[in-house]
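Taken straight from TrEMBL:
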- A:35-543: domain 'Cytochrome oxidase subunit I profile' (DOMAIN)
- A:52-72: transmembrane segment (TRANSMEM)
- A:92-117: transmembrane segment (TRANSMEM)
- A:137-156: transmembrane segment (TRANSMEM)
- A:176-203: transmembrane segment (TRANSMEM)
- A:215-243: transmembrane segment (TRANSMEM)
- A:267-287: transmembrane segment (TRANSMEM)
- A:299-319: transmembrane segment (TRANSMEM)
- A:331-349: transmembrane segment (TRANSMEM)
- A:370-394: transmembrane segment (TRANSMEM)
- A:406-428: transmembrane segment (TRANSMEM)
- A:440-461: transmembrane segment (TRANSMEM)
- A:481-503: transmembrane segment (TRANSMEM)
Amino acid sequence: MSPSDLVLGRVSEGVREPHPGRTTIDREPDYLHDEHTLRSWLGSTDHKRIGILYLLSITFFFIIGACAAGLIRLSLVVPNGQIFSNDTYNKLFTIHGVVMVWFFLIPSIPATFGNFIMPIMIGAKDVAFPRLNRTSWYIFMTGAFFTLFTVVVGGVDTGWTFYAPFSTTFSNTWVVPALIGVIVVGFSSILTGLNFIVTIHTMRAPGMTWFRMPIFVWTMYATSLIFLLATPVITIALILLVMERAFHIGVFDPALGGDPVLFEHLFWFYSHPAVYIMVLPGMGVISEIVPAFAQKKLFGYRFVAYASIGLASLTFFVWGHHMFVNGESETSAVVFSVLSFAVAVPSAVKVYNWTATIYKGSLKLDTPMLYAMGYIGLFVVGGLTGLFLATLAVDEHVHDTYFVVAHFHYIMVGGTALAFLGGLHYWWPKFTGRMYPEALGRLSAFFIFIGFNTTFFPQFLLGYLGMPRRYHNYPPEFQLLNILSSAGSVVLALGYLFPMFYLTWSLRYGKRAPANPWNAKGLEWTTSSPPPKHNFETPPTVDFEPYDYIAREDRV
Amino acid sequence: MSGTVAHLNTGPTAEVGLEREEHFTTDGQQIHAAKFGLWCWLLTELLLFAGLFLTALVLRIMHPQAVTEVAKHLKFWIGATNTAVLIVSSFTMSGAIELSRLGWQRGMVRCMLATAALGSLFLVLKGYEYYEDWDEHMMPFLSSRPYVLTQDPSSRLFTDLYYITTGLHGLHLLTGVSILLVMTWMASRPGFLGRRQNRIEIFGLYWHFIDLIWIIVFPVLYVLNR
Ligand code: HEM
Ligand SMILES: [Cu+2]
């Protein structure tokens, strides 16, 4: 069987022609117009179509997670927890965390842009294992729906971290099905990571050497390494949870001979690296956008590439900073603290390099660039507060308070989600062949930036003043800051709704996009928008350096 | 590898080679990708077990006495026989690969069947071992059968790890045997080796890996501290 046999439902020539009766451009149909049936999408092995399937799916999950977040913020408007019962509140923040982390943030950039753009960037016709790629999407959807099903039947109240022994012994909710869903989704991550690593190793076009790869490809590589090396550990940890809860094979419950701290070790050995699954791809996107909109070579290309691999490696050695207050020995606490500080170095390298790229560039403040600049600002705040938390004495004070909540939202929502939206606008013309309305795009970026800061900055203060996380009632003196935060979340929600509408609108009414609307460099801009089925009319050969924008001095 | 496949096209009974998929430019690229992909997968499998091995080892170092007691209850001879069974099955699998390269389809199919039979033998012996464990009250998670060892938590944790590790390995073996049987059925059809010889090699790697995992499981659980 060749892959073309596998593309189900080949249709007749008449249906292939999008506008019968009209004269059409004499061109091979692009990947969007190759075939039109639902089957041709659901059975497709084309990495571009699979990227689009992921885009639709994670948008769906994002909406669900966002609704839960809205309800959480609604509940916290009053201090006495009158809006939802304790139980409902617990289920709300759990489903918010589970959906956002496992089904939105982790697959967001890798599975959508990684799938769509990465193979084009290296000049490949497809990923190395197209059918496996399709299978990964099906696995992802199966697992995610399995977990969502638990919400319909009654919900889960463990929080996204599933800490034992609460999850194994005390919770009376649907923990096992939720866990199974998350385990299944993990396999999809592993397979995607595997596919990307093999693709980057074996499918590069002639002349595409390692140091000619765009930074986005480097970050996909680093992210895939984490997928491959860390996911199996969370898989086994969650399997052990299922074993204990379902069959009483005790591993974590002390009453059954287990050790709950073991779960924390296994969990954070994955989940700290996982935060870099969320943040590295964002860095990759920013490293594409910034040079394109400064029309300048990325400053210190090699350092940015090394920093990606550096982050991916260091991130495996800091998990203990989540356990400072659980009785960890003083020595290990100090070691983990120092190592966590070390992570700041490669992170800072990236920020300096973006800043240096912007410096004296000919800036165009289009939507993707606005998102990118917002990203840099929020990432810096999130990263610096990470250093606060890595400081033993400070963490003692703010552990499990809203300070931590604010910290990781600055990184994950501020960072990853902004990078995601920036990338979505940047590559939208490539994905769809249409331009979006620029003015609305800029407006959405402003709304998100303002809304985001109004929502999460007060949470630093709340946490510092002592409001613990995961409670639905709090002392009345915290109400003002909570109302501010909830109000911000309304603005933020508007900022997210905007792009959903105008991007959908642009599918039909947007201007037709040229091959390279941003005058950007990189192979993806040398093929048509949208690209043909196998990405390039003629297979490319690479004889240029990455980001070879003309230096400012040489411009007339 | 690509070299071997290319110049052995005139095998004694069947043509050997592979059909290139659309998105690859050369045969070598396709073969490399497949092999490399499987190695990556094996790495993740190793890490899946690594958490268990590591916990078991830490437990041994911290609570040697309790662990020794459990280790004495494990059926050393069944474990040892199973180790031998799997090593032999790796041999027969290598035989299948070698014969597939030569194009000896019939011999290859026989070797594959032998491998599947040995794999099944392992599972049968393992099942018998579980039965014995049950008989000896060595299943702490069954409330109906009081656990024979002291209620020392670390011995209990070690016993639980034993079930999870061997169970997970058994599941891998079960999957391996199933895939092997389907593959044998496909590989016995005419023309298979001309288009898909590559798959036998790839599956062989997976099989050796299951063997390898057991070769780690056996000493970690049965032998050390005995
Ligand atoms: C760059 C990407 C980062 C992301 C996505 C991220 C994300 C997170 C998340 C999700 C949590 C909360 C986990 C929970 O639910 O309990 C967290 C906590 C923490 N983060 Fe980060 N983080 C990042 C960077 C950093 C850095 C650079 C440091 C240290 C230098 C750091 C130090 C910490 C510490 C110490 C905690 C634990 C706080 C506590 O629970 O007391 N983080 N981070
Ligand atoms: Cu961490």
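Positions of Cβ are set from backbone N, Cα and C atoms, glycine also.
What TrEMBL says about a protein is an automatic prediction, not a curated fact.
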With a cut-off of 8 Å between Cβ atoms, can you find at least three pairs linking the transmembrane segment (A:267-287) to the transmembrane segment (A:406-428)? Only pairs 6 or more residues apart in sequence count. yes
Give the nonlocal contacts of the transmembrane segment (A:331-349) in its own chain as ranges (CB under 8 Å, at least six residues past its ends). 300, 303-304, 306-308, 310-311, 314-315, 317-321, 323-324, 379, 383, 386-387, 390-392
Taking the domain 'Cytochrome oxidase subunit I profile' (A:35-543) alone, what is its mean pLDDT? 94
